[in-house]
Amino acid sequence: MNGRADEEGLQRKQRLIRLLHQTNPYPQGLGTARQRRNRRRRRKQHWRQLVALANSIYTFPDPPADSPLDRAIQRLQGLTIQELPDPPTNLPESSESTNNNQGLAETYNSLPAIWVRVDPRSAPGPCKDYERDSCERVERLVGGNGTDRQGNTCSSKKDQAGGRTCPPVRGSGINRETL
């Protein structure tokens, strides 16, 4: 019984708020610029009053203290950050090349995970014409960097005129007849 009364009260409040908003239509655009500006200013002021009235009519209840969100926030507030160990100052070096890799592996296993050096995947490779994060050679298409594989520069004007100075790119389906 109490739930139905609350629902009817909520519907009555919503109808009242809707009626208040309908009493404030957007001003029609006849008149001078000053008149239109004043109408917009008065409508904006009236709108602020309606919003304040609607907020006083319908207030949102506070969520109960035992809500799952509140419990999750309390758990997050209870977390602490542990002290991180100091990084090692020197790594042991072995003189033998066969034991070198094994010694490094043992050193990395003994270090905490946060101090093991990890190279980013997006670091540029040492070889020219290789894409980042890839071991495949890049085939430059027409209109690329302007050089062929031997480092000779290509002129796009000569290519368009039909006098080819660069060899065709393999695997792209472009040949002299299609140009």
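Every residue, even glycine, has its Cβ placed from backbone N, Cα and C.
Small disclaimer: the values here were computed from a predicted structure and weren't measured.
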Among 71-82, 107-118, where does Swiss-Prot put the label motif 'Nuclear export signal and binding to XPO1'?
-> 71-82
Positions on the same chain near the compositional bias 'Basic residues' (34-44), where near means CB under 8 A and six or more residues out | 24, 26-27
Chain residues in Cβ proximity to the motif 'Nuclear export signal and binding to XPO1' (71-82) (below 8 Å; excluding those fewer than six residues from its ends, i.e. six or more beyond) = none
Please work out the mean pLDDT for the residues of the motif 'Nuclear localization signal and RNA-binding (RRE)' (35-49).
-> 90
